[in-house]
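One structure is given here, and the rest of the page talks about it.
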Amino acid sequence: MALDGCGLVCKYILLVFNIIFAVVGIAFLGLGLWLRLSDNTRGIFEIEQLNSSAFVIGVTVLIVLGSVMLVVVSFGDYGACNEKRCALKVFAILVAFLATGEIIVGVLAYSKRDEVGLRFAEFYTSMYTLYMNSGDPAIAVTLTFIHNVFHCCGVTGVSLIEMAKDTCPKPDGFMEKLVMPSCPVTIAQVFDSKAPLVMGIFFGTGALLITALICSTILRSKILQSASSPQYIILTQSTPTLAGPQPPQHGFVSTSYPEQDPVIFTPLTTANIPVAQA
C-alpha cells in the first residue's frame with residue numbers, strides 16, 4: 001500500500017530515529033556486557049557486599065537500558081519498513097514508557113542533584129581503581145570518555161603522579177600541564193552547578209521520544225486509511241476494452257404468401273367453345 005505526504009515523512013523520521021537509537025543501544029549493551037563478563041571485573045559481582053555499589057548498579061543499568069532500546073528499535077523498524085500497524089502500536093507503547101521514565105528521572109536528578117553527583121563520583125572512583133589494578137581496555141575507553149566529557153584527569157589530576165594520564169584529555173594551558181581538575185570533585189560539582197542542564201538533557205531526550213511516538217501514531221493512522229480506501233483501476237489505451245453489447249438479431253420467417261390476383265374460373269359451355277368453320 002502506498003503512503004504519501006505526512007505518512008511518508010513520518011516513516012523516514014522513524015527510520016532515522018531507530019538507526020540512532022540502535023547505535024546507542026548497542027553501545028550501552030556492549031559496554032555493560034563487557035564490564036559484567038570481563039575477567040577483571042567479574043569478581044565484583046560475585047561479592048555480596050559490593051552488590052549495592054555504584055559500579056554494579058551502573059553496569060546493570062547499562063545492560064538493561066541497552067536491551068530495552070534494542071527491543072524498541074526492533075518493533076519500530078519492523079513496523080515502519082513493513083507498514084505493520086500492530087508492531088507500530090507496540091513501539092508506541094514502549095516509547096511512551098521510555099519518555100515518561102526519562103522525564104521522571106530528569107526531575108529526580110534535579111531534585112536530588114547532590115546525591116546523584118556523589119553516586120557518579122563513586123562510580124568513577126570504582127572504575128578508576130579497577131583500571132589501576134587490571135588495565136582493562138574497556139575500562140580505559142570508559143575513563144577516556146568520562147575525562148573528555150568533564151575535562152578532568154584521574155583522582156589527583158597531577159600529571160607527575162597520575163597513573164591514568166594516558167586516558168586524560170589534552171591540557172588547555174600551561175597550568176593544566178601541571179595540574180588538571182580532579183574527576184571525582186569535578187563530577188560532583190557539575191551535577192550540583194549544572195543541574196538545570198542535566199535536567200534539560202533528560203527533557204530533550206524525552207521530547208525526542210515523544211516525537212517518535214507522534215510519528216508512529218500518524219503513520220499507523222495513515223496505513224489504516226490507505227488500507228480502507230477503495231482501489232480504482234485506471235484503463236489506458238493499451239488496456240483492451242469490451243465492446244458494448246449488441247442487440248440480438250432476430251430472424252423472422254414469414255408465413256404469409258404474396259398477394260396474387262384472384263383467378264376467376266368460368267364454367268365451360270358449348271357457347272364458349274369456338275366452332276371451326278368447315
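Here the Cβ of each residue, glycine as well, is placed from N, Cα and C on the backbone.
Those TrEMBL annotations? Automatic predictions, nothing curated.
Taken from TrEMBL as is:
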type: DISULFID; residues: Cys153-Cys168; note: disulfide bond
type: TRANSMEM; residues: 12-35; note: transmembrane segment
type: TRANSMEM; residues: 55-75; note: transmembrane segment
type: TRANSMEM; residues: 87-110; note: transmembrane segment
type: TRANSMEM; residues: 197-219; note: transmembrane segment
Provide the number of Cβ atoms within 10 Å of the Cβ of Cys168 (disulfide bond), excluding the reference atom itself. 21
For the transmembrane segment (55-75), which stretch among 12-35, 87-110, 197-219 has the most Cβ pairs under 8 A? 12-35
